[in-house]
Amino acid sequence: MGYDEVLTHLGGFGRYQKKIYVLLCLPAISCAFHKLAGVFLLATPDYRCQLPFEADNVTYQLPPELMSMAYPMDSFSKKYSTCTYLDANFTDEYMNGGTPAKEVASCDHWIYDRSKFESSTVTEWDLVCDRNWLRASADSLFMVGVMLGSIIFGWLSDKYGRKPIFFASLVTQVIFGVLAGIAPEFFTYTIARILVGATTSGVFLVAYVIAMEMVGPKDRLYAGVVCMMFFSVGYMLTAGFAYFIHDWRTLQIALTLPGILFMTYWWLIPESSRWLISNNRPSEAITLIKKVAKSNKVTVPEDVLDKLVEEDKAALESDKNEPKPSLIDVFKHPNLRRKALLIFFDWFVNSGTYYGLSWNTNNLGGNPLLNFVISGFVEIPAYSFLLLTLNRWGRRTILCGCMIFAGVMLLSTMLVPSNMPWLIVVLAMLGKLAITSSYGTVYVFSAEQFPTVIRNVALGAASTSARVGGILAPYFNLLGDYWKPLPLLIFGAMAFAGGLLSLMLPETHNQKLPETIADGENFGKVKVMPGEEGRRGDVENKTAEEMQVLNAAHLNGDAPRSVVENANEKRAANDEDE
């Protein structure tokens, strides 16, 4: 029977569940603030060397004739150097028609164009030229924090409960978010941002799990995607903060303070009933179930509650006796190993391209704030597209099609004339839309490729591949300092290659999911015998359950263990009934 049967008696997605669901989706907005804030906190305006005779309050602009007398021409970019200047005396005679000096000197101070970005960590700590790698490292280390947080907070929430870990993460996020805003130097700022990155996993991932664990199977597909749309709303709102707040310290603190509002959830948000039951606290779970039933004006029969507790105890005993599979089992079999490597690469590409494009909006040309808002807005139709097509066109079709389309759009940017920056923005945003859809698809597609006995372990490894892509993305964007189109070309090439390689994966739509290692090895290698295909209705129900974690991995790195296992147990029960 399982807890899903109890949810049917509670009305599936009733009044109480809807209220709690909306409350738990709101933290996605706050987490988006922190994940995308680096675009503005680490913004790099145009800059030039401060010349020896210039005071600290000089403006960025210099007449063209003075530029030629002050700076050497960069042979690669064909622009005046921003990291060296001509080693001259800069007398009036020299500046008014003398012969340009041949020797150059390295800069130690810079003048910034503050017309677009009044203040950022880059302008305060001079993270340019031979220090520009620090800028990329700040975003990269933030993603390291996200990866560690998904592992640590996921384990803690399974061990100590969803609710206490949610609030511990929230308090930590607010404290270190403010600390990042008052950091006296770059090292403290970076450490604070790493911890904030870790807490985005604890805040959103745990809130997401609580929400999904109280939603019925038929509603999880839409509930999961709508929750991701809240993240996209937070994405766009980040630009609103940046529009009104031009000082990076004030911006960092302003983006952090809304998290204080969620502390009121202590009196509003319950512990997960599923977690209470699985941790041998059935009386608390039943009390909560009755509270929900009262709010929804329904009644749950006592025999249903009694059977729920009995079945869960039996499941716990069964889990204790079953050996736990390891990732090594995936690599022992050639077909399973090939599929796993392809899937890991897809996760790496999707994550790296998604975050790379999200963090690269300042380098596309035009209005950086408008570019950023468009980059967030295109995620709404991208997720809506999945709702309409994923169960109709098949997973492989959507994944391959979206990745190839994203690759073509991004690679096409190298053909755009320099006097048409708007076209580069259009192509980049089309690529962002497509990669968002493929990122949503790769989770479901991956979950269906791996056999049940190894699914959770394999998805954890795939998620780690995604974090590696996110960690490397800032360094790819750094290459834009040397040639602006290069990051888009790298992301486009990876997406195009990933889309083509994914054609080697078997389609999983309307197919019976592999259960054992042997099933996984044979899946896609041998033809399915007539009568063994999964019925369309069964597949769609299964998809709804697995889509509940559609983008928990997208944001946080790891799927919630209990959610995936619940979907597996539900499927196993259905197979036995058949």
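Heads up, residue numbers simply count up from 1 along the chain you see.
Placement of Cβ uses the backbone N, Cα and C atoms for every residue, glycine included.
Per TrEMBL, these features apply:
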COMPBIAS  567-578  compositional bias 'Basic and acidic residues'
DOMAIN    67-510  domain 'Major facilitator superfamily (MFS) profile'
REGION    555-578  region 'Disordered'
TRANSMEM  20-43  transmembrane segment
TRANSMEM  140-157  transmembrane segment
TRANSMEM  164-183  transmembrane segment
TRANSMEM  189-210  transmembrane segment
TRANSMEM  222-245  transmembrane segment
TRANSMEM  251-269  transmembrane segment
TRANSMEM  340-357  transmembrane segment
TRANSMEM  369-390  transmembrane segment
TRANSMEM  397-416  transmembrane segment
TRANSMEM  422-445  transmembrane segment
TRANSMEM  457-476  transmembrane segment
TRANSMEM  488-505  transmembrane segment
> Is it true that the transmembrane segment (189-210) and the transmembrane segment (140-157) have 3 or more Cβ pairs under 8 Å, skipping pairs fewer than 6 apart in sequence?
Replying inline: yes
Counting Cβ pairs closer than 8 Å to the transmembrane segment (369-390), the top stretch among 222-245, 340-357, 397-416, 422-445 is 222-245
Comparing 20-43, 340-357, 397-416 for Cβ pairs under 8 Å with the transmembrane segment (251-269), the winner is 20-43
Given the transmembrane segment (140-157), its same-chain partners at Cβ distance under 8 Å and 6+ residues beyond its ends are 35, 38, 165-166, 168-169, 190, 193-202, 205-206, 209, 275, 355, 463-464, 467, 470-475, 556-558, 560-561
Contact count check, CB pairs under 8 angstroms to the transmembrane segment (488-505), set 20-43, 164-183, 222-245, 422-445, 457-476; argmax is 422-445
Taking the transmembrane segment (397-416) as reference, the highest number of CB pairs under 8 angstroms among 20-43, 222-245, 422-445 goes to 422-445
The recorded stretch from 20-43, 222-245, 340-357, 422-445, 457-476 sharing the largest number of CB pairs under 8 A with the transmembrane segment (164-183) is 20-43
Per the Cβ under 8 Å criterion, with at least 6 residues separating them from its ends, the transmembrane segment (20-43) contacts 13, 116-117, 120-122, 127, 135, 138-139, 142, 146, 170, 173, 177, 193, 196-197, 200, 203-204, 207-208, 210-211, 214-215, 223, 226-228, 230-235, 237-238, 241-242, 248, 251-252, 255-256, 258-259, 262, 265, 268-270, 358-359, 361-362, 368, 372, 376, 555
